[in-house]
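Asker: Quick paste of what TrEMBL says about this protein:
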- 426-441: compositional bias 'Basic and acidic residues' (COMPBIAS)
- 408-474: region 'Disordered' (REGION)
- 37-63: transmembrane segment (TRANSMEM)
- 109-128: transmembrane segment (TRANSMEM)
- 140-161: transmembrane segment (TRANSMEM)
- 173-191: transmembrane segment (TRANSMEM)
- 232-254: transmembrane segment (TRANSMEM)
- 292-312: transmembrane segment (TRANSMEM)
- 318-337: transmembrane segment (TRANSMEM)
- 512-531: transmembrane segment (TRANSMEM)
- 551-575: transmembrane segment (TRANSMEM)
- 587-607: transmembrane segment (TRANSMEM)
Amino acid sequence: MTEIAHCHKPLCQWISRDNISSLPPELVPKLLPNPELSGIGVILGFSITAYLTFALLILHYFIVHDPHRIGPRGTAYTNAVDRDFLAYFRGFISWTPSRRFEYAMEKSVLILSDLQLVTGLAILVSGYSQLNCGLTAYHWQIMVYVAWFSSFTFLSAMTFLEGYFQENHTMRIIRVCFMFVLASLLIVALLPTGSHNWLNLLSEGEFYPSLPAACYFRQLPLDSYSHGGPKIWSMVVSILVVAISYIHSGIRLFDPTAEFTRKHFRAWPALHIKRALNFFEQGSRQGGIRAALWKVLFLVAFAMFTCSRAFLDLAESMLLEIVWLGFAIAWGTIKLYGTRATASYDVDGFNVGANPEVLQEDSWSFGQTLPLILLVLPLLSMAQAYLDNDAKAQDAAHKAAMAERLTKEREANATPPPRVSIQHVSDGDVSKDNDGLDRRTPTTWDIPRCDHHSSLRQAPSKVGTNAAPPLPPRSSRRISSFFEDSPKLSSSPQLPSYPYHPFNAYPWYKDAILLLFLQILMIAAFAPYLLNRVSDFLGISVFLRNRLFLIWVLGVIPWASLLHLTFWYLAAWIVRAMGVSLGKYTFWVLRMGLVAGLLAFTFLVSFELAGPNWLFDAF
């Protein structure tokens, strides 16, 4: 009969050693199964809830998410990336979800977020309760990774529920308190993983996964805890990621429009950068060689400003939140199952086959089957959220409000309004006309669309804090028209001028965001692959110590973004000088071809310049 881990006093006489090797047998307990913590059913039960939450958040984003945010002081903010992306996606869907469906989706996300909160707290509290009973480093690391992606799934769900918590202040305070507790437990749990001897597979000692995790906590104040290297860097970066993520999420719960951070970390620096750009631009309008030098300086500064603005617009979007959550779950999954696979390694770090005793954790006992059966509970709660009377009442109230609004509109249309010039229409009139529209999807007031047909020509944009930027000339058949009109005496395309309003209406800016987003997706796909290839407990430091990754992220991606803008500018110059006209589909193919070519350029040049070489001397 297989022996199961039970409570025994940790023996920590080895903690003062710099390298643990040739430990006497009495100091190395046998690695025994602990199915209550790392059984296959327990891990699957925790993991599936995270995957289910992730899938529901994706559905919520594509179907229900409203890119228009209202701050606590009534200030409005619309992220252009979410607005344009959702407008494009929802343009292919004829179905509009009812208020009842939106209410049920919101409640379902709330239910699963609470489930992730309880999951993270439960697994961490269970691990801490077993520390003095000799819980092994192997099982402690499994516990940390389960809590890791449960906590990040919870954080992403909190981000999607910003609107709900703006109306439920008490629930917001309760969630923030639990967030603080969960973050504190997770950060403390990460501390022993920075030990120089923690699950050592780097040929710097012998591999003892059965050593008590409590001993690594006792090693924290000793000199033998760390001498630098990958373990301590992984621990530090992991703690920073957790701390920054929780602080960011907590701030967003109280300020969903990020008004404070955008004002002090984006608007204030942008003000000074715009003034510098204007100074360079004025200098470029002088005559002689000095004007050419000012022009080059202005173009370089403008390109860097545009790339920074595109990155910040993308970073503030919910779309990137989805990508980040997908990466966090993939990272946690790879490390979780990679840790379980190390049960077959011997003390020298060689894979000697499955450990027959630890395999007991893969048997489907009562304790492993129960967590999977309990997954029915959140599914039933989600169904109840759609079928209960509250959802029906929400739907009925919404339909009644819409009917009342339509009645008022018919009464108002009974008396023809006086004829006025479009220049004399007030902001309030535009807002009233827009009240009855679906706020989930950007309307023709918010985004520019092509005007190849007269029926699709738009009225002026709504004025206010939420207003769309001034539109460029609307022809889609001339590349030069995507910059502002230049003086007739010059063939040079004129870039947007001071005060450099948002560039979201320009195709070159939309393509810049698309290129940056696809590059981030490529990194998000490459990173789990790299982790899987080097699943030797280097952790996050695998990125800090890889020349390929550093050159890719810090060098080639910014270079590709600058090249993208350079190609656009040169193409506009050539087309303007030669008077070439491009068809709609030819123009679209050229745009997508440029983006695809620069993606290939990013990937191939990164490998050519760096290669998969390790920077072991970097730290």
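Cβ atoms are placed via backbone N, Cα and C, with glycine included.
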Asker: Applying the under-8 angstroms CB criterion, which one of 37-63, 318-337, 551-575 scores highest with the transmembrane segment (292-312)?
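Answerer: The stretch I would name here is 551-575.
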Asker: At least three Cβ pairs under 8 Å linking the transmembrane segment (587-607) and the transmembrane segment (512-531), pairs spaced 6 or more in sequence?
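Answerer: Contact criterion met.
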Asker: For the transmembrane segment (173-191), which partner among 140-161, 232-254, 551-575 gives the most CB pairs under 8 Å?
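Answerer: Most Cβ pairs under 8 Å with the transmembrane segment (173-191) come from 232-254.
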